[in-house]
């Protein structure tokens, strides 16, 4: 049995009366999870919808608590870190992390950035040692896979694409996830949403097909 951590980040739901208002990234991620559980019914799923339940932004007091040794933390500091501890525990349990995310202003939604800020934490998910020279940070966890399921209004954000340099979503997620022990990164994406034309329909169909192919590849 393996554990999957499924994280949705869109501000949109998937049950709107108007179909066009539904979140594409959430719908694709739900399709991934449905296909996975159909083939692996005994696997454990941990679910978080950050769009509906956004994590707290970190603060100066939070940072101070993080850099205070556990045995010296006040009760107030321990309380400040309760959410972070919970989220890190979920990451620690996960073999596979599935993150669905729209591209907002060419990057990740604020709720996803807030989640990363809560979980990428010194002495919990990474260590820092200047004896390592110019690369002092190393992850504590290892062996995890991450699937980013994304949607965007425009297109061409892939390597070599016409908007490659405008893509601050996938590269950011991939880079930050390394400090959560992620060693394999996959992305499935739907593009052209704002154009609402045949290209979007084809991209969305390809994304659904890509979901099914990736599930078969990973099981």
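Cβ atoms here come from the backbone N, Cα and C positions, even for glycine.
Going by Swiss-Prot, these are the annotated features:
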BINDING   10, 23, 24, 25  FMN binding site
Counting other Cβ atoms within 10 Å of each Cβ, which of the binding-site residues 23, 25 scores lowest?
23
Within 8 Å of the Cβ centre of 10, 23, 24, 25, which other residues of the chain have their Cβ, at the recorded FMN site?
8, 12, 14, 22, 26, 27, 28, 29, 100, 101, 102, 151
Please report the three-state DSSP label of residue 10 (FMN binding site).
coil
Rounded to a whole number, what is the top Cα to Cα distance in Å among the residues the record ties to FMN, namely 10, 23, 24, 25?
9
